[in-house]
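Asks: Sequence annotations record features per position, and here TrEMBL assigns NADP(+) binding site to G166, R167, S168, I232. Look at TrEMBL and you will find 6-121 tagged as domain 'Tetrahydrofolate dehydrogenase/cyclohydrolase catalytic'. The domain 'Tetrahydrofolate dehydrogenase/cyclohydrolase NAD(P)-binding' annotation in TrEMBL covers 140-285.
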Amino acid sequence: MSATIIDGKAFAADIRGRVAEQVATLKEAHGITPGLAVVLVGADPASEVYVRSKGRMTVEVGMESFEHRLSEDTSEADLMALVNKLNADPKVHGILVQLPLPKHMNSDAVINAIDPAKDVDGFHISNVGLLGTGQKAMVPCTPLGCLMMLRDHLGDMSGKEAVVIGRSNIVGKPMAHLLLGESCTVSIAHSRTKDIADVVRRADIVVAAVGRPKMVKGDWIKPGATVIDVGINRVEAQGGKTRLVGDVDFDAAKEVAGAITPVPGGVGPMTIACLLANTLTAACRANGLPEPEGLTV
Ligand SMILES: Nc1nc(=O)c2c([nH]1)NC[C@@H]1CN(c3ccc(C(=O)N[C@@H](CCC(=O)O)C(=O)O)cc3)C=[N+]21
């Protein structure tokens, strides 16, 4: 038996279409154009690619895109000054400071300087606390995208065993909170987990977010489980080229799983779609308007 392949690319395009419709309505009915500011410090080539595609898709859904590129040796004080300026700018509804930041900066301090209402990454301590206590928050884009795919594929998840592999602040921990919100029984496995294969084998839902290529083996997967692969690992391929692989051994896992997301074309495109959804949500909330439909938790 071969698993259903969850098409994140198509799903993300659908979400962007829904965002675009609601942006058009917001413009017509209220004269509001949602704006997203992306700040990139330094010139990491991978980050450049993501920032460019974020900017393009922001414009495609009818929003305003503001890109700020700062040199690698920018001081933390100068970055903070930019964040404060964006906080005060009424045309900016969402702010994303691309991570990782250069080593001389304190990322926590920078993130926590963002107005929580504009924190479309959902990384501010205030949003983390709101999510952790089940209150209305800005939800981090990657876990939100994973949840949307899970809801679409499974519907009701209550009582299911979910195992999140990875305990990062940007994926693992918020993902666990979202799954708890769906009434799953949630475990978080990580590098120190004993008998990780056995822990993963109990899962009806596996979310792999460790950043280690093909770490999750086919025989770790319970037959019929739903597998969400968050990993985006660039590895050497033939002819001196590189290619992207996930944290899951896809070819083996797809023979056992009920459904699985591919890499590329799975979680990655959903992350950007959810960033746009969060920006729309932020613009609605900033103007006291109802939440966009079908785009929030
Ligand atoms: N403050 C902040 N927020 C982020 O959300 C953030 C960040 N910093 N830093 C970097 C990571 C990475 N990230 C990705 C988004 C989309 C794809 C994506 O669309 N990937 C495509 C493939 C792209 C390719 O071919 O390289 C896919 O998986 O199909 C990947 C990675 C967001 N990040």
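Cβ atoms here come from the backbone N, Cα and C positions, even for glycine.
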Asks: Using DSSP, tally how many residues of the domain 'Tetrahydrofolate dehydrogenase/cyclohydrolase NAD(P)-binding' (140-285) sit in helix, strand and coil.
Replies: 59 helix, 30 strand, 57 coil
Asks: For R167 (NADP(+) binding site), what is the tally of other C-beta atoms lying within 10 angstroms of its C-beta?
Replies: 18
Asks: Just name the winner among G166, S168, I232 (the binding-site residues) by count of other CB atoms within 10 A of its CB.
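Replies: Comparing the binding-site residues G166, S168, I232, the most crowded Cβ belongs to G166.
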Asks: Counting by DSSP, what is the helix, strand and coil composition of the domain 'Tetrahydrofolate dehydrogenase/cyclohydrolase catalytic' (6-121)?
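Replies: Secondary-structure composition of the domain 'Tetrahydrofolate dehydrogenase/cyclohydrolase catalytic' (6-121): 62 helix, 19 strand, 35 coil.
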Asks: Should we count any of the binding-site residues G166, R167, S168, I232 as near ligand 1, judged by a CB under 6 A from one of its atoms, and which?
Replies: I232
Asks: Taking all residues of the domain 'Tetrahydrofolate dehydrogenase/cyclohydrolase NAD(P)-binding' (140-285) together, what is their mean pLDDT?
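Replies: Taking every residue in the domain 'Tetrahydrofolate dehydrogenase/cyclohydrolase NAD(P)-binding' (140-285) and averaging pLDDT yields 98.
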Asks: Taking the residues G166, R167, S168, I232, which the record names as binding NADP(+), find the longest CA to CA distance and state it in Å to the nearest whole number.
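Replies: About 16 Å separates the two most distant Cα atoms.
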